[in-house]
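Below: the structure, in structure tokens.
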Amino acid sequence: MAYLEKCLPVRRWLTFVTGLVECLCFNGAAFGWASLVFVLRVEGYLKWMCVNITDIDITDVNITDIDITDDEWFSLIFTIASVIQSFLTFSNGFVLDQFGTTVARLANFTHLYIFPSALYVLLYPALTFIAVGGSMFLITNMQVGNLFRSRRSTVITLYSGAYGSSAALFLIIKVLYTAGISLYASFLFLSACSVIHLLRTLFLMPRTLIPYPLPEHYTYGLVSDHINSTFSSTKTQVSCSFVLSISIISHGLSEKSFRECLLSRFSFCAMVWLSVMQLRNYLFIGTLNPMLQRLADGDHSLVSHYTTVFALTQLCGVLCSPWNGFIMDRHKGKPRAAGESERDADLRASVLSLFLTPLLCILFSICATIPILPLQYLSFVLQVITRSFLYSGLAAFITMAFPSCHFGKLYGFLMAVAGLVSLLQYACFILVENVFDGDPLYVNIALTLLIMFAFIHPLSVYLHCRSLASQPTNQPINQPTNTHL
């Protein structure tokens, strides 16, 4: 055990680096859907669903009608995968909180690429499994931020950004496809890479949960998770209840049940904040290919160019998300006011980030609404920044506002509700195609106005922090407060 404790700093950095590679290379691949759709179109993946040429004269078949059918089905596939991924995040979060990291990861690692090796035959479940497995790995990796207390928000947001950047994986598959490597062969190779996730789960991740703040001599990985600290004279296995007790003692956070957290004002506002912006992002990704087809007048090479540029901009997510973490960590480092707990100081530091995210989303939505093809370069940039801020900000906020013991369940529940709201993306697509003759102008304007509701969340947190500042300052800094929920 003494030897393992000496190696602990090295193991923590290995955990961080391998987690970053895992998020960057695998976890968010499903959001590179536009690149994969391009390959599937070239292969004529959905042509069998269009018409029966033995019953209908081929001269009567309108190729435009076939393209529209393809657009609808590809949009539906992405809608189903993204919604199920969001909805199952709640059950995955519950498994994480109740049974620990090892059980949660082992239950999901086969989802990522072992089953999707049959992608060509089973596109619907394959994309869903990729999305669900990747999101679970992201949730388990976010707790790695607890190993780096002074840069906790930066680590969490960096992982979230890497998750978004992994959408470029399907771009790589697209490039390999044009070079002559089949889609099936690419996914078989990715299936073999699943062994990386297994080895990391067994040797570089905790069995249960990583507590915050981190107790002295905390060890994990090859052995069971153990703590040597003033809280106990013997080594105690980490559990959800112990994580909660650490938070109560160190942060002055009064113990709250999951139900109380769920019904709080912060939870409701975060739900609205996430749902409206995720709907806008998902609709943009799911309909990107038909939008480019329309703006490029069906020019195949031009559509290919723009889908490649979009996929490349997704790589920048890993560079954008840390900006969000830097904003939070910098403001968190300011001196605390008298009577202000550490957790309330964290909330104060999050206000700017929570405000910038919907502002960026509105700018992105405006650019996406204007039907000028070159302007979509700016849309791509703003979309990846918005997406990076959205998910990294959500994860960081939950760790600040609620007990760590409930992180998985709260994150999962909010994602589940946002996933149900995201079902509207398919309805929006049908509305555009069947009512507005393929012109998304009015739907885009409506969604841009809808994003305005997201400002309720930063306003709520700001008013809470201001009310705390106006209270008498005669209580000790570490005294528990009950008002933050």
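The backbone N, Cα and C atoms fix where each Cβ goes, and this holds for glycine too.
Here is what TrEMBL says about this protein:
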| type | residues | note |
| --- | --- | --- |
| TRANSMEM | 13-40 | transmembrane segment |
| TRANSMEM | 73-94 | transmembrane segment |
| TRANSMEM | 114-138 | transmembrane segment |
| TRANSMEM | 158-177 | transmembrane segment |
| TRANSMEM | 183-203 | transmembrane segment |
| TRANSMEM | 303-326 | transmembrane segment |
| TRANSMEM | 347-371 | transmembrane segment |
| TRANSMEM | 377-398 | transmembrane segment |
| TRANSMEM | 410-432 | transmembrane segment |
| TRANSMEM | 444-463 | transmembrane segment |
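For the transmembrane segment (303-326), the neighbouring stretch richest in Cβ pairs under 8 Å, chosen from 73-94, 183-203, 347-371, 377-398, 410-432, is 377-398. Among the stretches 13-40, 73-94, 158-177, 347-371, 444-463, the one making the largest number of Cβ pairs under 8 Å with the transmembrane segment (183-203) is 13-40.
When Cβ distances are compared across the two stretches, the transmembrane segment (347-371) makes no contact with the transmembrane segment (410-432), since fewer than 3 pairs at least 6 residues apart fall below 8 angstroms.
Most Cβ pairs under 8 A with the transmembrane segment (158-177) among the ranges 13-40, 73-94, 377-398, 410-432, 444-463 are made by 13-40. Tertiary proximity for the transmembrane segment (13-40) is limited to same-chain residues at least six positions away from its ends with a CB under 8 Å from its CB atoms, namely 46, 74, 78, 81-82, 85, 112-113, 123, 127, 130-131, 133-135, 137-138, 141, 144, 147-148, 155, 158-159, 162-171, 173-174, 177, 183, 190, 193, 196-197, 200, 204-205, 221, 285-286, 288-289, 303-304, 307-308, 310-311, 314, 318.
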